[in-house]
């Protein structure tokens, strides 16, 4: 799992994946998790016996159309993530690279790695927050499909809450405007881009000293405003584990998924035994 | 529990509540719940043995500063809600009134009821969605306090997801803009107003045929743009039960709250026994 492995990105997996263009998943696991527990990084917390980052890598490993996976880590979690990857015998993980202090630094690091590896501009790049462990195959496929029509796409789900846009008024946050609820979506991940599109957007953004985006879609919307970004249907179950308060919910979802998988397994065994 | 009881709104409870101004809670329980199960209205579904609307009414009944409660229902749930109110022997529920097809119609009905009952313009009106059963005393108090400084306030919590504002592009929803995440809040309830403020905003809005707001704050922001609306700190636990997918999460929260209450009860018994 050395950083020089990246030269294989887009090569090995390309044959069995999309015709022509590699499909690269970037799993961001470099977050410091200051809102969770800095001593117990949330991406390593186990759900039904598997670390959260493992759930995320699994989702892309098991999608036949994904050719390559890059995992972005920090020094604190690198050892555990490398061990996890070794134990799970993933076949698509090409590199574990170091991210940066901010989310955008980690995406930048991944994009530079892909550029150095010679990944073509039409490669489909799916950037995923490792702390969204319950991303579905339908959502991953939806991203890959959307890139046939658009150069950028993101999983998102309609907000069931009305969204308020606020401003500071002295020591109080007050409401500035209230957008139509039917046009307010909660961004999730993966966020997917043709490689040339996201690379160009980050290049343009890097000149801006105030550039601290909380997601990659925003970089395209702000710096390549003529590039439409398609919405791919998300779900509240594709939740982000942000604080410890999220863990009971994540545990409920993990249990349901594990139970459903066990049921499918039993069904398959019966079907085979009876055939 | 007849509609003519409303003439007592703001009278009985006023003495023990805020000096001068009554504090009226309006609990909206008229939703048809089409995204849930039309045959099993979500406001009547039990959590730890108590219907969701009961959790909501309880929160205001148990706040010493709330003087009066109005519950807004539809024909389908009226019987069950009236039975619940009778069984629980609430002392502050002054009326159970009929709402309308849309959320705004239900708020309007409540405001007209308050006007007919002669509620003063400086009354503090807290409008709450009954399907947010876990509203806390701190949030209710925060609304009542905020109205000393502002004419409008709403419970809201910062969005942990980046919010995308979208537009239709052919058959696809695409991203139009991405507001700064730190200024994107998810509106919750209660939403609180001086009675004269919310009444005037609804009066102004009623001339607009396209008026279909999904929350009451928006009515003030759009029709009384010079009236700042303060943010009162909410929490992800003050969730809205919208679809059946929300029920496992609601069950987790209800269990935690019930367990915490039992623990406090035992602690109190021990303390009393030992004193």
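Any Cβ shown, glycine's included, is placed from N, Cα and C.
Mapped onto three states, the DSSP output places residue A:35 (site 'Transition state stabilizer') in coil. Marked as site 'Transition state stabilizer' by TrEMBL: A:35 (among others).
Packing around residue A:42 (site 'Transition state stabilizer') is summarised by its Cβ count: 27 other Cβ atoms lie within 10 angstroms of its Cβ, all protein chains included. Taken from TrEMBL, the feature site 'Transition state stabilizer' covers A:42 (among others).
Under the heading site 'Positions MEP for the nucleophilic attack', TrEMBL lists A:181 (among others). Just so you know, the Cβ of residue A:181 (site 'Positions MEP for the nucleophilic attack') picks up 18 other Cβ atoms within 10 Å once every protein chain is counted. The secondary structure of residue A:181 (site 'Positions MEP for the nucleophilic attack'), as reduced to three states from DSSP, is helical.
The C-beta environment of residue A:240 (site 'Positions MEP for the nucleophilic attack'), restricted to residues of the same chain at least 6 apart in sequence and closer than 8 Å, consists of A:129, A:131, A:132, A:188, A:246. Feature annotation from TrEMBL assigns site 'Positions MEP for the nucleophilic attack' to A:240 (among others).
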Cα-Cα distance linking residue A:35 (site 'Transition state stabilizer') and residue A:42 (site 'Transition state stabilizer'), given in Å to the nearest integer: 10
Integer Å distance between the CA atoms belonging to residue A:35 (site 'Transition state stabilizer') and residue A:181 (site 'Positions MEP for the nucleophilic attack'): 28
Residue A:240 (site 'Positions MEP for the nucleophilic attack') - helix vs strand vs coil (DSSP): coil
Spatial neighbours, same chain, of residue A:35 (site 'Transition state stabilizer') - Cβ under 8 Å, 6+ residues apart: A:242, A:243
Residues from A:42, A:181, A:240 facing chain B - recorded sites, CB under 8 A: A:181, A:240
